[in-house]
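Trainee: Below: one structure in structure tokens.
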Amino acid sequence: MGTRGSTRDYYTWTSVPQTENSDRNKRVFKFRNIDVIVYATVIIFGIGSWVDINGLWVELPAMITEGLPEGWKLPSYLSIIIQIANIGPLIVTLCNVFAPGKLNNNGVIYCILGIGSLACLFLAFFWKTTAYVAGEERSIVLLILQFFLALVDCTTSVVFLPFMTLFKSDYMTAYFIGEGMSGMIPSLVALGQGSGSVSCVNVSSTNATTNITTYNVYPQSNPPNFPVRDFFVFLFAMVFFSGIAFTLLKYCSYYEEEYAVENDDEEASEDSRCHSYELSNGEHSGSVTFSDPTTIGQSQSALVNENRKHQTAVTLSKTQDSIRVEKIAEHSISKLRYAYFLILTAFLNSLTNSVLPSIQTFSCMPYGISVYHLTAVLYNIANPVACFIVLVYSSTSCVVISFLSFLGSLAAAIILYTAAASPSPLLVGTKSGEVLIVIVWVLGGLLLTYSKVTIATVFRQYGTRALMWIGVMQQVGSFFGAILFYLIINVWVLFKSAPYCPV
């Protein structure tokens, strides 16, 4: 308060308390820039993206051997149903494009995880239920529930990825590790179950007329170590735990400390460490911030100096604008490169999600059943391993990503050749051929997965909308790859299967 002649002016000072770092912000489980607990929770969340559909696929041999009416035609039916289920991500994308901000992403995630867990639980008890449709017996419950599982998993591509923009970019690899483990974990469980395990049995038959004995080798399915019901209960538990992980990531204060901090929030955080004082004095009212409270008394005379205050404000404004421009320039990307990465994402996902899985039996079976099973397991393991490599080293160079994508595509081309040459591809019947086909499959999985995860990591810095388009292009690539190879395999019949038990 001060006196100026007969006029008495009142100055009101308002102090904003200084924000101090508390002990609760200290992290015990820290590795580099990530919190191990948060990282593991994101992995569990990512597992829920495709675990139910991947689990259904690896369980098909055990289900078919128990007498489903469709037999080995069932996988082709499921492929078409999965593509029909792309209506889910289509609806979400249209809502985000034409009504941005209106769709509750958190509500959609809870909805699809709830549908997925219930569908798995119903499958555990009703998967063998059949009904006559159009005069033929069909696995009607399995097909209907499989549609809901596909609807859930296809939609995760356009809602899970945008949710991950809430966290620091270091946690993007955790999500893709979880997505990769959604195929690896069911495969390992099915391997322990013995799903699809086949033994070659030598059967002899004697002609009573000629008294000649002939010997033939036939495949015989081995009984599973635990029933199909238990497998689907396991899938239910995995999706349920994914929902719990999402709840923790969204609403637990411990996880909020790992949220991404935008530029404006960082500046506000820096300012919050200082003391703010507001001066009220008619038309000369204003505010000033002191980094040291002991300077308050020394600086009161400066508060009424309008010119100095204005000059300081202008300087600060220019400094903040220049910093903001520099940050925008640093993270800028050309429209051409943006479109190129989206197209490349569609191509890579068409290979990893549709093309290679659909021709795996044609490519590997000529080298033996053991090679086929080993390749299936190692290929699924290669997916999360590639994501761990991205965590250690992630290149944002367009040249590097393109080169690695080319090498992965080259491996896919070799795999495609072995499938087209089935049942007699190069080096069939040799140990070197068995080793090489496994190596090509594993390297192809590593390179293709590394490339697509790196692209998603690059797009992480451009926000929710960019990752939404990454999810859309993943589904677009998977859709066209699945349709094309469904026609090649089932309609045009361009591939020939090798026998389970070679003579």
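Residue 1 is the first one shown; counting continues down the chain.
Glycine residues also receive a Cβ, built from the backbone N, Cα and C atoms like all the rest.
According to TrEMBL, the feature transmembrane segment maps to 36-57, 77-99, 108-127, 139-161, 173-192, 231-249, 338-359, 371-393, 400-420, 435-459, 466-489.
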Trainee: How about long-range neighbours of the transmembrane segment (108-127): same chain, 6 or more residues beyond its ends, C-beta under 8 Å?
Mentor: 48, 52, 55-56, 63, 88, 92, 139, 141-142, 145, 148-149, 151-153, 155-156, 159-160, 163, 228-230, 232-233, 235-236, 239-240, 242-243, 246
Trainee: Top stretch among 36-57, 400-420, 435-459 for CB pairs under 8 A with the transmembrane segment (371-393)?
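Mentor: It is 435-459, which has the most Cβ pairs under 8 Å.
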Trainee: What stretch, picked from 36-57, 139-161, 231-249, 338-359, 435-459, has the most CB pairs under 8 A with the transmembrane segment (173-192)?
Mentor: 36-57
Trainee: The transmembrane segment (338-359) and the transmembrane segment (231-249): do they have three or more Cβ pairs under 8 Å, with pairs 6 or more apart in sequence?
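Mentor: Checked: the transmembrane segment (231-249) vs the transmembrane segment (338-359), no contact.
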Trainee: How about long-range neighbours of the transmembrane segment (36-57): same chain, 6 or more residues beyond its ends, C-beta under 8 Å?
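Mentor: For the transmembrane segment (36-57), the sequence-distant neighbours (Cβ-Cβ under 8 Å, at least 6 residues beyond its ends) are 29-30, 75, 78, 82, 113, 116, 119-120, 123, 146, 149-150, 152-153, 156-157, 160, 164, 167, 171, 174-179, 181-183, 185-187, 189-190, 231-232, 234-235, 238-239, 241-246, 248-249, 254-255, 258, 357.
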